[in-house]
Each structure stands twice: as structure tokens, then as C-alpha cells.
Amino acid sequence: MRIGTARSSYRHDEALFDSRTQYAWLAILGVALLGFPFVADEYWLYLACLVAINIASATGLNILTGYTGLVSLGQAAFMGIGAYTVAAFEQKFGTPVLLNLLAGGFVAMLGGLVVGLPSLRVKGLYLAISTIAASVVLHFVFANWHSVTGGHSGITVAPAEILGISFDTSFRLYWLFVPITIMMVIGAANLFRTRIGRAFIAIRDRDISAEVLGIPLLRYKLLSFGLSSFYAGVAGGMWAYFFRVVTPESFPLLMSIFFLAAIIVGGMGTILGAILGAIFMTMVPEALKLIVGWLPLSTDATLILSPVRTIVFGALIVGFLVFEPLGLQEIWRRIRRFFHLWPFRA
Amino acid sequence: MRRTVLKSLLATAVMAATATMAGLPAAYAADKEIVIGGSIPMSGVFAFAGIGIHAGIQDYVRMVNDAGGVEGYRLRYVPEDSAYAVDQSVAAFKKITSQNKVNFYYGDSTAFSKTINPELERAGSMIMSGASFATELNDPEKFPFQFIAGPDYTQQFGILLRYIADEKPGARVAFVYSDTEFGRDPIASSREVAQSLGLEVAIEIMTPPGAVDVSTEMARLRRARADYTIFHGYILGPIPEFISQARQLRLDTQFMGTFWTMDNSTVMQMGELADGFMGVMPYSYYYDDSTSAPMLDKIREMRPEYQSVPYIQGFLSAMLYAETARRTIAAGQEMTAVNLKTALNSIENFDTGGLIGVPITISGNTIPVGRIYRADIQAKRMVPASDWIVLE
């Protein structure tokens, strides 16, 4: 706890942010997010949208894996359900964007509830394998349910349209995706101040003890799967509006590993961890490209440095895991702690 | 002192970041240049092709610029590594197009071509080709600003089937393909082509992606008694396993492949099993000296070691970009997507300098030309087994 933030009421104790400094920084972040689209070019706006989608999905996986302790490698497949639902709703019914996204979330949630059933019996790696199996089944459904998914060719999605405004550029999509992601992140942060969220944490820490305390494991594990899949479904829906083509190959197993890596690198079981992890995993490959681009090298060097970049990215992930197992959020926390007393204590 | 250094470092970093985010153009003059952007898979699973494509485009651009450019314009090639991932390919596209006035773009996959299509239509300032030969892209109405620098997969099958129909009328043909978008692409449409050529499709076998054990599939292939077996949707595996088991079973079928299997190094990786393996190739091989090919001579002069078929594809793509630009500039027109595509489609009986052995015409989104080659394991080369086949 930082100096000068003695909690004198339960309300204060429950608050998400407890100091004026934090509110000031939040305001700065808000202004930065509002101003960003007006100073950034299409490339940076594209990356911002991609980061927003990845944060939404990583936050969902964090609810399941980071907070409830259930390892899942099915996040990409749940995103696929959301993306296909949005694509099909958009193509067949032309329903409003926000309704489509919600539908994507709910259909993915149903998928998550089914896939989550084995979680009562199996844990850890066994559960991970069962979620991989579910991904394979879903991939088969995506590829072969021609009338809905369009088979291997997939579905082309029309641009999102709200009040006659077509969201066909990264600039416009930014104003759709970033608020949705912020709402989802705030929702997740608040979840862990409720009975449900605390039940998830209890299950993660020791599921037998949680049951003894009166937490029905099946209900809460399924709820965690459902919520996580809902997040993935909405993220998948945003993905569909972003890339505008959904095929069975759009959501490979590697993508699930990407999200798992994101929450591990960011810091499992913290809201900030999922955010930092998603930013890290999305931006570091691009940042490395930028660094290579700044070097006064020929295009031949770009070719030579491409595999080197991949190695550096891998080494960075391993480095974080070795030197900071609690993830980027712990580094962030240490930096914050340093500045709490700065400059009075170096 | 330390603070001053830190401050200046910080200031430099902020300035660099601001300049990058605002997408400030490079320091050189942007007029009188033709920009070729590219999402090139220099790393990842498709890097074997991306490296060749990159070298091909780069060499052609250098060659043209050394000779004075195109109608007074210099070609500028701006590649970015895409790692063969759609999100990174699109990121590369956004980065390159927001920092340069791009006229031509090289994409790395079917998924990217489909994803970026609305963007191309919206921009209306560039045309694109790429590493995809997907049949779906051969639709000028749906993909008005894209083209394929060769035959699409259905046309590649068409060329193989035409050869088979000439060699053995009424032959029984087997299609073996992977359960991927790439693998399934030409199967349904080629069934009809085979029928129209009087061939019988004896069996269609779909294998899971990355299949290793093919004994069940082999049993089915054996029962089908096919004269020819065409593989599609693979680079190499599980083709050697099929051929190996077929040899053990003394199965009398001629194995064939399509473009991505047909690079010399890929086929020769099969060792003894490659002997007699045939397939369709839209371009001349690097070492092909059967006819006069001045452009191949130049390539061999620039690069004395073997260059892969993706290199030739990249080289030809750049050549078509330059020719399209030349025609547009010569007609006194602005380089818009519509004008560039019209100029591309005006290419008729164009001499590629031997990269393709016959003059080419681009009437739609493809160049429906190819030749059948056979692997000669002694010479470790692919040798022509037919003349160039041009589909109507």
C-alpha cells in the first residue's frame, strides 16, 4: 500500500483505484487514448486495434487460467466461434453490430460450457489436452458445415456499420474496439471483487478447500469457462470485423498458445498482466522490425535479420520467464514502487 | 552531465517515435518513382519460398534501375517480413502503404489476398499479385485489382489433365490432396475438367494436414488402379511415403505434383523416389537451356548458383509490375488501380525473355500457361516432358 492512502472505509477498501495519483494517471491514459487516433497513422492504428482485440481475448483467458487455474488451449477456437457467429449474423440477417458481437460472445459461451464439462474431472495438462481436442472438433465443424461457415473458403464479412457509418478503416474501428475492450477489462477487474470472482480464486488456490467452503465446483468452473469463452467470442467477433474474412485456418492452435504465452509473460492472475502480455506479444515483433528498419542496412540485411528477430523474440520471452516469473506486471509494480518514494529514496 | 545525456537520449527516442507514428516519408524524393511493396514471408514456415521471391523481385528492380528505370521512373522495392501470418502481413501492408505511395504490392498468402481485397478497392491506387495461386482469386469481378503471375491451381490441374488426355486418352486419374483450403482448392472444379477431357477420376483421397502414415490411403489408391496420381496441397510430405509404398506394392501409377512441390530442390529431396516424378511448372527452371532465354542468362550471370522457382516467380512478378507501369506511363495515364489493371490486361503475346517459354497474354487474373517436367535423378534436374501448354 502506498503512503497516504490509508483505507478508512469498506468502500475505499473495495475501490479499484485508491489514490489521486492513480486517477491522474488514468486521466492521462484516457486523454492519450482519445488523442492517439489523431496523431497516429494507419499502421499504428491497425496495431492499436489488434492490441485491443488481443487484450480482450487474453483477459478472457486470464479469467479461466490465471484466476481459476484451469489451463485452456482452446481460446483461438472460441474466438473462431465468435467470429463465425458474427460473420453469419452479418451475412444472413444483417443484424446490428453490437448485437452480433454479443451473439458471438454468447454462442462462444455455450461452446465454452460444453468444453468445460471435463474440467470437473481433469486438471492441468489433462484439461489442456481436452481443450485441444475441442479445438480440433471445432476446426472440423468450421471446415465442413458449409451452409453456415462457407467451408474452407470461409465467409467474407461486410464492414461493421453503426448509424450509417461504415467502420472500414482502422481509425473508425479504433473507436469501436477500444471502448469495448475497456468495458471488458473493467468488467473483469470488477468480477474479482464479487463472490463469483473470489470463488474462482479459491478454486485456483485449492479446489477441494473451495468445495469444503461451500463453492459448487461444477457451477463455478463452468461459469469460468463460460465467461472466458464469452470474452473470446466477443474478441473473435471484433477479429471478424477487423480482418473481414473468416476461414477455418484463421484460428490455429498456435493462436491459443499465443494467448497463453501472453498471460504467462504478462503475469497470470492479474488484470494488468493480461493487458501487458497482449501488448508485449503483439508489439514486440513489430518493435523489433522497427529497430531493424532504423538500422542503416540494405534490404538484404532485412532478409538475414528476419530469423534473428524471431530468435530475439523467443529469447525475450524465455528471459522474462527466467528473470521475472511473475511477469511484466511485477516489473511494472516494482517500477511504480520505486517512484512512490522517488526522489527521497534512490 | 549524466542527466543531459539522458535527456538528449530521451528526446531522440521521442522524436524517432513521433516520426515513426506519424508515418513521415523517407528523406528522398517520392516523385518519379514506382513503389513495389511486399509482405514477404522471410521467416516462418514459408520462408523457403519468401527468400526466393524476395531475391527475385530485388534482382529485377536492381536490373531495371541500372538500365535507367521505367520511362524515367525508378523502381523502389519496400519489403517487410510477414512471417506468413495474416495479422503480420496486414501490419506490413499498413506500414508500407502509410509511409510510401505504393503502386504494386506482393502478398504472401491466399488469406492475405482475401483479407486485403477490400483495402485495395478502397485505396484504388495499386494492384497486387502474390504467392497464392488460389482459384478463388481468378475472378476479376471479386478481385478487380489482383492477379496471379501464373496459372491458378485449377488451371495447373487443367494443364496436367490435358497432358494426360494427350498421352493416354481415357486414363484413370487419382486426386490426392490435403484437408486444407490450399489442398481442396482445385478438386471440385478439376473433376469437371477431367470429365470434359474424357478422363475418369478413379478416386479422390483427402489426407489430414501433416499426415505421416498413409497406409490406409495407399490401400485405397491401390484398389482404384489409377494410371496417374496427382498430389496437391503439399510441399513435400507425405508424397515420398506414398511413392515409397507404391514402389513396394509395385503399383503402376505415374505420380505428379503442382507448383509448390515442383522446385528442383524439393523434388530432389525425395532422393531415388523422385526418379520419374512429374508435375506442372508455369516457369522455366533456372538451368533450362533448351531454348533461347536472355532473361535466364541474365539471372545466371547475376547469380551463378541455382535459384528456386519462387525466385523466378518473384522476378516475373516484378517484370509484370514494370511492364504494367511502363504501359500506363506511356499512355499518359495516372497510376491508379483501374489504369494499372487495364494496362496489365492489355499485355498480349508478351515476351518474358524465356522465363515462360511462350509469349504470354493476361486476359483475366491469371496466366494460364505451364509445362510438364519430369525428374531426372541422374542429372538431378527437372527435364521438360511436354511442350508449353496454353489453356484457352
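A Cβ is built for glycine as well, from the same backbone N, Cα and C atoms used for every other residue.
Note: TrEMBL annotation is automatic and uncurated.
Annotation comment: TrEMBL describes A:21-38 (among others) as transmembrane segment.
Annotation source TrEMBL lists transmembrane segment at A:44-63 (among others).
Per TrEMBL, the feature transmembrane segment maps to A:70-89 (among others).
The transmembrane segment annotation in TrEMBL covers A:95-117 (among others).
Only residues 6 or more beyond the boundaries of the transmembrane segment (A:124-142), in the same chain, are considered here, and those with a CB under 8 A from a CB of the stretch are 70-74, 76-77, 80-81, 84, 111, 114-115, 118, 149, 247-248, 251, 253, 256. Look at TrEMBL and you will find A:124-142 (among others) tagged as transmembrane segment.
The transmembrane segment annotation in TrEMBL covers A:173-192 (among others).
Panel annotation: around the transmembrane segment (A:222-242), residues 49-50, 52-54, 56-57, 59-61, 63-65, 67-68, 70, 72, 75, 78-87, 90, 97, 100-102, 104-113, 115-117, 119, 157, 159-160, 167, 173, 176-177, 180, 184, 188, 191, 196, 200, 203, 250-251 of the same chain, lying at least six beyond its termini, place a Cβ under 8 Å from a Cβ of the stretch. The feature transmembrane segment is assigned by TrEMBL to A:222-242 (among others).
Same-chain residues lying 6 or more positions outside the transmembrane segment (A:254-280) and placing a CB less than 8 Å from one of its CB atoms are 51, 54-55, 57-59, 61-62, 65-67, 71-77, 79, 131, 135, 185, 188-189, 192, 201, 204, 317, 320-321, 326-330, 332. According to TrEMBL, the transmembrane segment annotation covers A:254-280 (among others).
Within its own chain, the transmembrane segment (A:311-328) is flanked in space by residues 261, 264-268, 270, 273, 276-277, 280, 284-285, 288, which lie at least six positions past its ends and keep a Cβ under 8 Å from the stretch. Residues or ranges marked as transmembrane segment in TrEMBL: A:311-328 (among others).
Contacts between the transmembrane segment (A:44-63) and the transmembrane segment (A:95-117): absent, as fewer than 3 C-beta pairs lie under 8 angstroms at sequence separation of six or more.
Beyond the transmembrane segment (A:173-192), the same-chain residues lying 6 or more positions past its ends with a Cβ under 8 Å from any Cβ of the stretch are 16, 33, 36-37, 45, 48-49, 52-53, 55-56, 59-60, 62-63, 67, 97, 101, 160, 162, 167, 198, 200-201, 227, 231, 234, 238, 241-242, 271, 274-275.
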